[in-house]
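Colleague: Dumping the structure here so I can ask a few things about it.
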Amino acid sequence: MALNHTALPQDERLPHYLRDEDPFASKLSWEADLVAGFYLTIIGILSTFGNGYVLYMSSRRKKKLRPAEIMTINLAVCDLGISVVGKPFTIISCFCHRWVFGWFGCRWYGWAGFFFGCGSLITMTAVSLDRYLKICYLSYGVWLKRKHAYICLAVIWAYASFWTTMPLVGLGDYAPEPFGTSCTLDWWLAQASGGGQVFILSILFFCLLLPTAVIVFSYAKIIAKVKSSSKEVAHFDSRIHSSHVLEVKLTKVAMLICAGFLIAWIPYAVVSVWSAFGRPDSIPIQLSVVPTLLAKSAAMYNPIIYQVIDYRFACCQAGGLRGTKKKSLEDFRLHTVTAVRKSSAVLEIHPESSSRFTSAHVMDGESHSNDGDCGKK
């Protein structure tokens, strides 16, 4: 039975265009809800198994994880959290044609989606900044240790926790989305008060614009650096050139991850900003659900990029499941390879020792690639 708006305990906190109706009733047709439910089910299954597989393969070599790999695993944790903690709520609600978990469930769902989404974006920001420093500042990689990666993880989760908990303590709130079967940050508070505008603007800047700017800046600098150094690398022997090619490939994978995330979330951000500072009731309900569904698919992209785009990674995963040699897992590299960078840094001081170091490093990688036919195209 539909709820009467007078029975809602948080009626005064609702967006103005939801106060005269049941905010948890779906505004879509039954057919549209069923399509959305099946779509989210497929996305959730693929994301759960994909990111779970990444974590499983990582756990098999946890003693060998490097700092950048730790950050990539954290990204998989964020994506898995979105799929396991959040998606079931919306899927069930779509099939029930209304949000069935009440205000407590609405707040929980809104918090979880914001928490893991923010954690994912900040993790990608940290990875892009890390790669920028490693490639453009040679001395950075010398002192970077595992403990620094764990400190970075603590900062990421503290940052996400701070911004996502603010609405739960009175600065902002979580509310139903216009179509009724999902909940999100209450963007409409920006139209209610000056304090609401300040809060929404702060969220947009610190949780979207600033991280996106850092990502774009970092990869723009990386592209410029790779282009300027490619001619220099061509003069080295084939082993150093191979390391350079692999480094560029892994950087492209990272860029694809960030691009996929931003492509999925930017339409949703645009609609949210329009809801906060424009005329939210001017957006058709049927249209407002599309950016939401697109954003919810972001957690599925990364495993596909890992296992399809990076063929070497996928090959070594398959070899690991068949019980091949443990060293074949060395090709499970979701981080920027630093062979060229290190060799270039040492070359300026000790050319002979640099050549020996790089050759040994690359030959070691080649020997692992031969096990299980990893790296064959």
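Keep in mind that glycine also has a Cβ here, set from the backbone N, Cα and C atoms.
Here's the feature list from Swiss-Prot:
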COMPBIAS  363-377  compositional bias 'Basic and acidic residues'
DISULFID  C106-C183  disulfide bond
CARBOHYD  N4  N-linked glycosylation site
LIPID     C315  S-palmitoyl cysteine
LIPID     C316  S-palmitoyl cysteine
MOD_RES   K296  N6-(retinylidene)lysine
REGION    357-377  region 'Disordered'
TOPO_DOM  1-33  topological domain 'Extracellular'
TOPO_DOM  55-74  topological domain 'Cytoplasmic'
TOPO_DOM  96-108  topological domain 'Extracellular'
TOPO_DOM  130-150  topological domain 'Cytoplasmic'
TOPO_DOM  172-197  topological domain 'Extracellular'
TOPO_DOM  219-252  topological domain 'Cytoplasmic'
TOPO_DOM  274-288  topological domain 'Extracellular'
TOPO_DOM  310-377  topological domain 'Cytoplasmic'
TRANSMEM  34-54  transmembrane segment
TRANSMEM  75-95  transmembrane segment
TRANSMEM  109-129  transmembrane segment
TRANSMEM  151-171  transmembrane segment
TRANSMEM  198-218  transmembrane segment
TRANSMEM  253-273  transmembrane segment
TRANSMEM  289-309  transmembrane segment
Colleague: Go through the chain and flag residues at least 6 beyond the ends of the transmembrane segment (253-273) whose CB is under 8 A from any CB in it; none is fine as an answer.
Modeller: 75, 117, 120-121, 124, 127-128, 131, 184-185, 187, 204, 208, 212, 215, 219, 283, 288, 290-292, 294-295, 297-298, 301-302, 305-306, 309-310, 334, 336
Colleague: Count the residues of the topological domain 'Cytoplasmic' (55-74) that DSSP assigns to helix (H, G, I), to strand (E, B) and to coil, and report the three numbers in that order.
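Modeller: Counting residues by DSSP class gives 16 helix, 0 strand, 4 coil.
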Colleague: Can you tell me which of 34-54, 198-218, 289-309 gets the most C-beta pairs within less than 8 Å of the transmembrane segment (75-95)?
Modeller: 34-54
Colleague: Could you list the residues of the same chain, at least six apart in sequence, whose Cβ is under 8 A from the Cβ of C183 (disulfide bond)?
Modeller: W99, G105, C106, R107, Y109, G110, G113, Y174, A175, P176, E177
Colleague: Note down the number of other Cβ atoms within 10 Å of the Cβ of C106 (disulfide bond), including every protein chain shown.
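Modeller: By my count, 24.
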Colleague: Among 109-129, 198-218, 289-309, which stretch has the highest count of C-beta pairs below 8 Å with the transmembrane segment (34-54)?
Modeller: 289-309
Colleague: For the topological domain 'Cytoplasmic' (310-377), would you mind checking the mean pLDDT of the predicted model?
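Modeller: When the pLDDT values over the topological domain 'Cytoplasmic' (310-377) are averaged, the result is 41.
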Colleague: Give the sequence-ordered list of residues that share a chain with K296 (N6-(retinylidene)lysine), lie 6 or more positions from it, and have CB atoms under 8 Å from its CB.
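Modeller: Counting only residues 6 or more apart in sequence, the Cβ neighbours of K296 (N6-(retinylidene)lysine) under 8 Å are L40, I43, I82, K87, T90.
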Colleague: Work out, from DSSP, the number of helix, strand and coil residues along the topological domain 'Cytoplasmic' (130-150).
Modeller: 16 helix, 0 strand, 5 coil
Colleague: Mind checking which residues reach the topological domain 'Extracellular' (274-288)? Cβ under 8 Å, same chain, six or more beyond either end.
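Modeller: Here the qualifying positions are 15, 17, 27-28, 32, 177-179, 187-191, 197, 200.
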Colleague: Same-chain Cβ contacts of the topological domain 'Extracellular' (96-108) under 8 Å, 6 or more residues past its ends?
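Modeller: Distal contacts: 9-10, 22-26, 30, 33, 89, 168, 173-176, 180-183.
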Colleague: Short question: which residues 6 or more past the ends of the topological domain 'Extracellular' (172-197) have a Cβ under 8 Å from it?
Modeller: 10, 13-18, 22-28, 33, 36, 89-90, 93-94, 97-99, 105-107, 109-111, 113-114, 166, 203, 272-273, 275-277, 280, 283, 285, 288-289, 292
Colleague: Please state whether DSSP places C183 (disulfide bond) in a helix, a strand or coil.
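Modeller: For C183 (disulfide bond) - judged by DSSP and reduced to three states - the answer is strand.
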